[in-house]
């Protein structure tokens, strides 16, 4: 529940309107991520307006020197400069997709020292995912027709990978809230966790959600529980995994299918490889092989923006995304680009580790889940997943600056 903030008698109406605009923008941004790309753009415009209104109080200098801000800017600059030396047909489009790397600075300026805005963003995000979950259960379980939604794959606002990934993150956040609250609120959040897990595992297609769910819940529980409880968690996880494999279910079938797709693709002869590798995991196997070949050709600086290209002329299939963020960075920007990307991620982990245990565990679970899923998808290219990461890093950048300022104040008072 959000309690309205009380203003002092000296607060001007203009300041109240500015605070209201900022609150609406933060809430709308959280709602927009799992639901609508146009809403994301609208919320970003509102955030920009809010920053312009409050431009005199922005803490620009400490953020400009923060690696969470300048490392992604360096990644974008490296990609943009590659257009001067490489003329890949998809290069300008790829640079356009990655321009969201530059959003971290304004987003960090918006969220820094503003815990209420972070809270409103999280409320909007979880509320939108709860609505998507209700719709999925209505169509997939109760068989209530809603528009043209397929009961066999009941996605509501986004495609299957995005919905499953966001619901997996929401399940982890709802579980954290269930531990935090008591009484009927705890049972309510627990019900949301169970429903979200059921939706990810058994209703909506998309194996990436399995990875996000297992890694997110596993990391949060591992770091949040005591040493004895961790062993119990490992035992229960082993039992659940065995049950998942032994009892016929949709999730086990999808996992087995994925493994079989890789085996069939890798063992197919050169003449039959085209047909054998047209499955989801088969294509990812081919993409990895093609990416490895391209990396060998240009290991240091890569092939530039849009440097990855795979084509299957028999079905007129073309793609510029290897569905692996690490391979994509290396193909386009070489080992240098990959090192910058990994350094960026390491800096994120470093900031997370400096937070209080409760906050640290949540942030650690989100980042680890995101990085694990990047082995199977190029999330930074996607609109919803990419913007989520920029917002996440922007919030971390604010925490980083706050920690630095607090440590500096402590040294001055000694």
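Keep in mind that glycine also has a Cβ here, set from the backbone N, Cα and C atoms.
Not measured: the values here are computed from a predicted model.
Annotated by TrEMBL as transmembrane segment, the relevant range among 95-119, 120-144 is 120-144. Record note: among 187-204, 259-276, 187-204 is the stretch given as transmembrane segment by TrEMBL. Which of 156-175, 296-315 counts as transmembrane segment depends on TrEMBL, and there it is 156-175. Here the transmembrane segment (187-204) does not touch the transmembrane segment (231-248). Their Cβ atoms form fewer than 3 pairs under 8 Å, with each pair 6 or more residues apart. Distant neighbours of the transmembrane segment (331-352): 67-68, 71-72, 74-75, 78-79, 82, 94, 291, 294-295, 298-308, 322, 325, 360, 363-364, 367, 371, 393, 396-397, 399-400, 403; these residues of the same chain sit at least 6 beyond its ends, with a Cβ under 8 Å from one of its Cβ atoms. Residues 164-165, 168-169, 171-172, 175-176, 179, 197, 200-201, 233, 237, 251, 254-255, 357-358, 360-362, 364-366, 368-370, 372-373, 375-376 of the same chain lie 6+ residues outside the transmembrane segment (210-226) yet bring a C-beta within less than 8 angstroms of a C-beta in it. Sequence-distant neighbours of the transmembrane segment (20-53) (same chain, 6+ residues past either end, Cβ-Cβ under 8 Å): 103, 106-107, 109-111, 114, 116-118, 120-129, 131-132, 157-158, 162-163, 166, 383-384, 387-388, 391.
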